[in-house]
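Taking it in order: structure first as C-alpha cells, then the write-up.
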Number of protein chains: 2
Amino acid sequence: MTEIAKLGEFGLINHLTNDIKVKNISTKYGIGDDCAVLSYPDKQVLITTDMLMEGVHFDLTYIDMQHLGYKAAQVNISDIFAMNATPRQLLVSMALSKRFTVEDVEQFYEGLKAACNEWQVDIVGGDTTSSYTGLAISITCIGEADKDEIVYRNGAKDTDLICVSGDLGAAYMGLQLLEREKTVYYQQVDEARKKNNTQALEQLKTFQPDFSGKEYLLQRQLKPEARGDIVAQLREAGIRPTAMMDISDGLSSELLHICKQSHCGCRIYEKNIPIDYQTAVMAEELNMNVTTCAMNGGEDYELLFTVPIGDHAKIEAMQGVKLIGHITRPEYGTMLVTRDDTEFELTAQGWNPLKAEDKV
Amino acid sequence: MTEIAKLGEFGLINHLTNDIKVKNISTKYGIGDDCAVLSYPDKQVLITTDMLMEGVHFDLTYIDMQHLGYKAAQVNISDIFAMNATPRQLLVSMALSKRFTVEDVEQFYEGLKAACNEWQVDIVGGDTTSSYTGLAISITCIGEADKDEIVYRNGAKDTDLICVSGDLGAAYMGLQLLEREKTVYYQQVDEARKKNNTQALEQLKTFQPDFSGKEYLLQRQLKPEARGDIVAQLREAGIRPTAMMDISDGLSSELLHICKQSHCGCRIYEKNIPIDYQTAVMAEELNMNVTTCAMNGGEDYELLFTVPIGDHAKIEAMQGVKLIGHITRPEYGTMLVTRDDTEFELTAQGWNPLKAEDKV
C-alpha cells in the first residue's frame with residue numbers, strides 16, 4: 001500500500017490520469033492547466049454538480065472505492081440525461097484523509113473511468129487534496145443539447161401522462177439490507193467478545209453475509225445506472241417529454257418539484273408504480289410498506305417525465321417505461337390514489353440531506 | 001440562530017438564492033433544475049474547480065464565513081483569469097455539520113455574492129448537504145474566451161520575459177501572523193487556567209490581537225483579489241502573454257509548471273521579486289528568509305506570465321507588473337539568481353495539500 005503523500009498532488013494526478021484519452025470533439029483541453037477548455041458552438045451547455053460526504057452519502061463498510069467512483073459518476077451523468085441532454089465532460093474533486101492509500105484512489109478512478117467510458121464522457125479536471133476527516137467527493141458533469149431539445153421541470157401541462165422508467169424502491173431496500181447485515185455482524189462480534197470466543201471472532205473476520213436472492217437490491221444501491229438508454233429510446237420513438245427529472249430523492253418529492261414548477265397538479269396510481277419482486281419481498285421481511293419505500297426511498301436514479309396524452313400509444317409500446325398517472329389542473333392537488341381508491345396528498349418525505357435522521 | 005435542518009435543503013437554497021439576478025447573456029437557466037444551461041456559440045468555454053476543507057484549507061478561528069465565501073469565489077475566478085479568459089458562471093457546493101447555522105451560510109453567501117458581483121459572475125447552481133465533520137466547500141467556475149485569446153502554460157519561448165503582478169509572500173506571512181496570535185492566545189488561556197485566574201480568563205474572552213501595521217498581510221490572507229484588472233491592462237496594452245497561470249502554490253512551483261509544460265528553462269532574479277514592506281518586516285520578526293517566503297509561500301493569487309521580449313517597453317510602462325527574469329533554453333535549467341549572484345536550482349517547495357506538514 002502506497003501513502004498518498006509520497007506521490008504528492010501532481011504525482012498522484014499524473015498517475016491517475018495519464019492514460020485518459022479525449023473522446024469528444026467538444027473537449028479542447030483536459031487536465032493540466034488552470035482550466036479545462038471546451039467548445040460548444042452549436043449546442044447549449046448543461047452543467048451539474050454534486051457533493052458526496054463519507055458517513056452521510058456513503059459508508060465504506062458497504063461500498064468499495066471502485067463502486068463508489070462508478071456511482072459518483074453515474075449519479076451526475078444522470079442529471080444531464082434528466083434534461084434530455086448528452087453528457088460529455090466530468091471534473092472530479094476528492095479530499096482524502098491519511099487512511100486512504102494510492103491504491104484506494106486508483107480503485108475509485110477505475111470505477112469513475114468505467115462509468116465515463118460507458119457514456120463516452122471525458123474526465124477533464126478536478127482537484128485532489130487532503131481532509132482531516134474521511135473522504136469528500138465533488139463531481140461536476142457537463143453535457144450538451146440543442147436548445148429545443150432541453151427538457152426542464154416546468155413544462156408539464158394538464159392531461160399530460162406521468163411516466164417513470166425502471167422500477168422504484170430497490171436502491172433503498174438495498175441500503176436497508178446492508179444496514180441490517182452490518183447490525184447483525186456487529187451483534188455477533190459483540191457476543192463473541194463477551195463470551196471471549198476467540199474462534200468465533202476469528203471466523204467473523206471473513207464474515208460474508210448471504211445476499212442470495214437479493215442481488216438486484218444490492219446492485220441498485222451499489223451500482224446505479226444513469227438511464228441514457230431511456231433518453232435514446234424516447235428520441236427514437238419521437239417522444240419529447242414536456243417535463244423531466246431524475247429520481248434521486250424519491251418519486252414523491254420529485255413529482256412535487258415538477259408540479260410546483262409547472263404550476264399543475266397530479267394524480268398517480270399506487271397500482272401502477274413499478275416495483276421489483278425483490279423489493280416487495282424485502283419490504284415484507286422488514287415489515288415496511290413497499291409503496292412508501294417506492295415513493296420516498298430515493299437513489300433510484302430512474303427518470304420521471306411527462307408526455308402529451310397523444311403519445312399514449314407510443315409510451316405503452318416502450319420497454320422499461322411505466323405510465324403511473326396524469327397531470328391535472330393545480331386545484332386538484334397532488335394526489336396518490338391507493339389500490340382501495342383512497343386519495344392521499346403527496347408529501348415530500350424524501351431524504352433530507354440536511355437532517356440525516358429524516359429518512360422515510 | 002436558526003438550525004439548518006429546519007429550512008431543509010430546498011428551503012435553504014431558496015432562501016440563499018432567491019435574490020440572485022442573472023447578469024450574463026450566456027446564462028440561459030440558473031438554479032432550479034437538474035442542471036444549469038449555458039450558451040457559448042462564439043466562445044470557448046473554460047472550467048475550473050476547487051475543493052476547500054475545514055482544517056486543511058481554512059481555519060474558522062482565523063477567517064469568518066463571509067471572508068471565506070469571498071475568498072472561495074476569488075480563488076476560482078483567479079483560475080479563469082489565469083487563462084486570459086472572462087469568468088461568467090459559478091457553482092457552489094457546501095457540506096455543513098450541525099454546528100453551522102442558517103446565519104453562517106447566509107454570511108458565506110454574502111461573501112460569495114460580493115466576489116461574484118465584483119466580476120459580474122452568475123451563481124447558477126450547486127449542492128447543499130450535510131457533513132459529520134465540519135465544513136467542506138467545492139466551487140466550480142466557468143468562463144469564456146475567444147479561441148485565440150486563451151493563454152495556456154505551455155507557450156513560453158526562449159528569451160521571453162517572466163513577469164508577476166502585485167507582490168508575493170504577503171498571504172503566507174498573514175497566515176504566520178494569525179497562527180502566532182492563536183498560539184499566544186492559547187498560551188495565555190492555559191496560564192490563566194493553571195493559576196485559576198478567573199479575571200484573566202474573562203478578559204481573554206474578548207481578546208483582540210493587535211494587528212496594527214500588519215493589515216496588508218491579513219488582507220492578503222483573508223481577502224485575496226483575483227487579478228482581472230491585470231488581464232484587462234494587458235489586453236489594453238496589446239500584450240498577449242505566451243504562458244500564464246495564477247500563483248496559488250508559490251512562485252517556485254508555478255514557474256516549474258510553466259517551464260515543464262513549455263519545455264524550457266528560466267532564470268529569475270531574487271532582487272526583482274516584488275515583496276511588500278510589511279512582508280519583509282514580518283519575515284524579519286519571524287526570523288525567516290523573505291525570498292523563501294515569496295518563492296514558496298502560496299495563496300498570493302497573483303498572475304505569473306511570460307511575454308515576448310519585444311513587449312519589454314510595454315511591460316516596463318505597466319503599473320503593478322514586475323519583470324523578474326527570462327525564459328531560457330531547457331539545458332540552462334530553472335534557476336534563481338540571488339543578490340550575491342549565486343545560482344540556485346528552483347525546487348517546488350510549494351504547499352503540498354496532500355501532506356499538510358510540508359509547508360515551507
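The count begins at 1 with the first shown residue.
Just so it is clear, glycine is given a Cβ too, placed from its N, Cα and C backbone atoms.
Feature annotation from TrEMBL assigns domain 'PurM-like N-terminal' to A:32-144. Note on the domain 'PurM-like N-terminal' (A:32-144): its mean pLDDT in the predicted model is 96.
Annotation source TrEMBL lists Mg(2+) 3 binding site at A:ASP34, A:ASP79, A:ASP246. Neighbour count (other Cβ atoms within 10 Å of the Cβ, all protein chains): 27 for A:ASP79 (Mg(2+) 3 binding site).
Neighbour list (A:ASP34 (Mg(2+) 3 binding site), Cβ cut-off 8 Å, at least 6 residues apart, same chain): empty. Taken from TrEMBL, the feature Mg(2+) 4 binding site covers A:ASP34, A:THR48, A:ASP79.
According to TrEMBL, the Mg(2+) 1 binding site annotation covers A:THR49, A:ASP50, A:ASP127. A:THR49 (Mg(2+) 1 binding site) is surrounded by 26 other CB atoms, counting those within 10 A of its CB over all protein chains shown.
Here TrEMBL flags A:ASP50, A:ASP79 as Mg(2+) 2 binding site. Under DSSP, A:ASP79 (Mg(2+) 3 binding site) is assigned to a helix (H, G or I) in the three-state scheme.
Residues or ranges marked as substrate binding site in TrEMBL: A:HIS57, A:GLU299, A:TRP351. Packing around A:HIS57 (substrate binding site) is summarised by its Cβ count: 24 other Cβ atoms lie within 10 angstroms of its Cβ, all protein chains included. In the three-state DSSP classification, A:HIS57 (substrate binding site) falls within coil.
Reduced to three states, the DSSP call for A:ASP127 (Mg(2+) 1 binding site) is strand. Marked as ATP binding site by TrEMBL: A:TYR109, A:GLY126, A:ASP127, A:ARG153, A:SER248.
Residues or ranges marked as Mg(2+) 5 binding site in TrEMBL: A:ASP249. Cβ neighbours within 10 Å of A:ASP249 (Mg(2+) 5 binding site), excluding its own Cβ and spanning all shown chains: 24.
For the pair A:ASP79 (Mg(2+) 3 binding site) and A:GLU299 (substrate binding site), the Cα-Cα distance reads 12 Å. Chain B has no C-beta under 8 angstroms from the C-beta of any of the binding-site residues A:TYR109, A:SER248, A:GLU299. Between the binding-site residues A:ASP50, A:ASP127, A:ASP246, A:GLU299, A:ASP246 has the most other Cβ atoms inside 10 Å of its own Cβ, all protein chains included. Sequence-distant neighbours of A:THR48 (Mg(2+) 4 binding site): residues of the same chain at least 6 apart with a C-beta under 8 Å from its C-beta are A:ASN76, A:ASP79, A:ILE80, A:THR140, A:CYS141. Most Cβ neighbours within 10 Å among the binding-site residues A:TYR109, A:GLY126, A:ARG153: this distinction goes to A:GLY126. When the Cα atoms are compared, A:ASP249 (Mg(2+) 5 binding site) and A:ASP50 (Mg(2+) 1 binding site) turn out to be 13 Å apart.
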